[in-house]
Structures are given as C-alpha cells and as structure tokens.
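Enquirer: Starting off with a structure, shown below.
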Amino acid sequence: MVLYVIGLGLGDAQDITVKGLEAVRKSSRVYLEAYTSILTVGKEKLEEFYGKPLLLADRDLVEQGADEILRDADQTDVAFLVVGDPFGATTHIIHNASIMNAIGCCETVSFVFWTESWKPESYFDKICKNRAMGLHTLCLLDIKVKEQSIENMMSDVNVAPVYYYSLLFQGKKIFEPPRFMTVSQAADQLLQIIQRRRDEGEELGMTEETVCVGVARLGSDDQSICAAPLHELVSCDLGEPLHSLVVTGRLHPLELDMLRMNAQEGALEGVKMLDSSTFTS
C-alpha cells in the first residue's frame, strides 16, 4: 500500500498525468493540498473529472495533522494532490508541470506581503546577484490562504472579547480573507526598494528600466503574459491569480524576440545590445 504524492500540473483537471489519475482513482482517500497554490478550476471540477471526492488539506492538516493523512496508508492507497510538481525523489511521487519548469531556466526567489512593521527585501539582493551573472530570476509571489494575522486577533479581542475567547475555547480560529499577490504589487515593492537604496547611495543591480515579465495562470486557456520595464508593470492588470514575475538578466536574441511577442509596442526600446548574441536592460 502506498501514499501517493501527485502533481496536478498548472491549468485544469485534465493536466494530471495518466499515472496520477490512475493512482487517484484507486486510492481510498484523496487529499487536495490547498494552501501553497491553486488551480484555475475549483474542487468540484476536479472531483467530477477524477470521479472521487476530495478532502481539502489546509495548512493545519498538512503541518499539524499529518497522522490523519497517513492513517492506514500501510493498508490502503492514499493520494495527496499538489498543484504543479511536488519536487520529490521517491518512486511514489508522480511529477507534473509546475511554474518552475513552465517558466524556463531561472533562479528562484520568493516575495512576501509587506506589513507596516515588516518589509523584508533580501530577495532584491538575490535578484541583483543573479543579474550580475546574467541570470534571469523567477519571483514566486505570496499567497495567503486560511491565515491568521495578529491584527485580526487583536481586533477581535478589543471589539468582542467574550465572543473571541469563546471561539478559542471551542478550538476555532479566526482567518483572514484569502489574498494573492499580483505582479503589480510585486513591481511596486521592487520600485520602493530601488528608490530607498538609490537615496542611500547604493549601486543598483536593477532599476526601474529593467525588463521584467509578468505571468498569470500559466498552463490555462486564459494565461496572460506581459513583458515591460519594471515601472510599467506597476499599472498592469493580469487578472485572476496565480501571478509570477521574472526579472531578466542577459537576453539571447531569441529570448528578446519572444518577449516582443508579449510586449506593447515600444516597451522594450530600452534594451541594449552587449554583443551580437547578448542583450540587457
């Protein structure tokens, strides 16, 4: 008997591999990991296509209730579904397309939502190091699904302490509405970092004119791609989640031709030729 960890791909229910679908249909329980990413279709569409009911696995279940997921896995097949590719290395993991291989060869960093008191920017240094080596950087953008915030907890205590503590006593938690970072928000964070570091006299590894690529819902029928200087991406609207951002390094002429296919006229005029086979911004 096996615990299968199955990649679902990026688009819709039909992106699952044949091996993955066979594993789902023979499993006694099927969990859908539901906090690190999302598909462009809902749980009901997946259930209809797979012919199996799905159990949503939120962060609490995955991180605190793993024993429930593993229950009886030594006696029956259990499937754990992950959007994209689970990036594992055992014979019981069934791979699929993910943002990591759909986007091409890039170094990777993660952006997080800033708060008033917490504005980390270590990813900016990594981007600049990548650009110095000529590498592109894939920026994975934050998502908040079934998350609690200190502000929400304190607000509930101040407004309705009896109600709040009754929820705690009952073991219930108060969650924030889901949030998905957009390319526009990510670009705005980068611009704020650039301006601050410029004001401090720092030599910049990227600027407002650096060509970046915003992508949304890769692998779906309505995927959206926009190539433009960073400052223009602040005003772009790529629609529904999930979004990612690529900060370019050195560009091959073929890469530049592909970017022009997803750029507005004149958006890439600032790209400079370094030699006959290399461009940069």
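Count begins at 1; order follows the chain as displayed.
Using the three backbone atoms N, Cα and C, a Cβ is placed for every residue, glycine included.
Remember, it's a predicted structure, so these values are computed and weren't measured experimentally.
I grabbed these lines from TrEMBL:
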BINDING   Leu10, Asp85, Gly88, Ser98, Ile99, Leu141, Leu218, His243  S-adenosyl-L-methionine binding site
DOMAIN    3-93  domain 'Tetrapyrrole methylase'
Enquirer: Averaging the per-residue pLDDT over the domain 'Tetrapyrrole methylase' (3-93), what integer do you get?
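Expert: Value for the domain 'Tetrapyrrole methylase' (3-93), mean pLDDT as a whole number: 87.
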Enquirer: Take the domain 'Tetrapyrrole methylase' (3-93) and count its residues per DSSP category (helix H/G/I, strand E/B, coil), listing them in that order.
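Expert: Going by DSSP assignments, the domain 'Tetrapyrrole methylase' (3-93) contains 31 helix, 21 strand, 39 coil.
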Enquirer: List every residue in the same chain as His243 (S-adenosyl-L-methionine binding site), at least 6 positions away in sequence, whose Cβ is under 8 Å from its Cβ.
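Expert: Leu141, Phe180, Met181, Thr182, Val183, Ala186, Gly214, Val215, Ala216 - these are the non-local Cβ neighbours of His243 (S-adenosyl-L-methionine binding site), listed in sequence order.
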Enquirer: Over all shown protein chains, what is the count of other CB atoms within 10 A of the CB belonging to Ser98 (S-adenosyl-L-methionine binding site)?
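Expert: So the Cβ neighbour count for Ser98 (S-adenosyl-L-methionine binding site) comes to 21.
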Enquirer: Near Ile99 (S-adenosyl-L-methionine binding site), which residues of its chain come within a Cβ-Cβ distance under 8 Å, counting only those 6 or more away in sequence?
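Expert: Long-range Cβ contacts: Leu10, Gly84, Leu138, Leu140, Leu218, Leu242, Ser244.
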Enquirer: Measuring CB to CB from Asp85 (S-adenosyl-L-methionine binding site), give everything in the same chain under 8 Å that is also at least six residues away in sequence.
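Expert: Sequence-distant Cβ neighbours: Gly7, His95, Asn96, Ala97, Ser98, Met100, Asn101.
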Enquirer: Test of understanding: give the count of other CB atoms lying within 10 angstroms of the CB of Leu218 (S-adenosyl-L-methionine binding site).
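Expert: Leu218 (S-adenosyl-L-methionine binding site) is surrounded by 20 other Cβ atoms within 10 Å.
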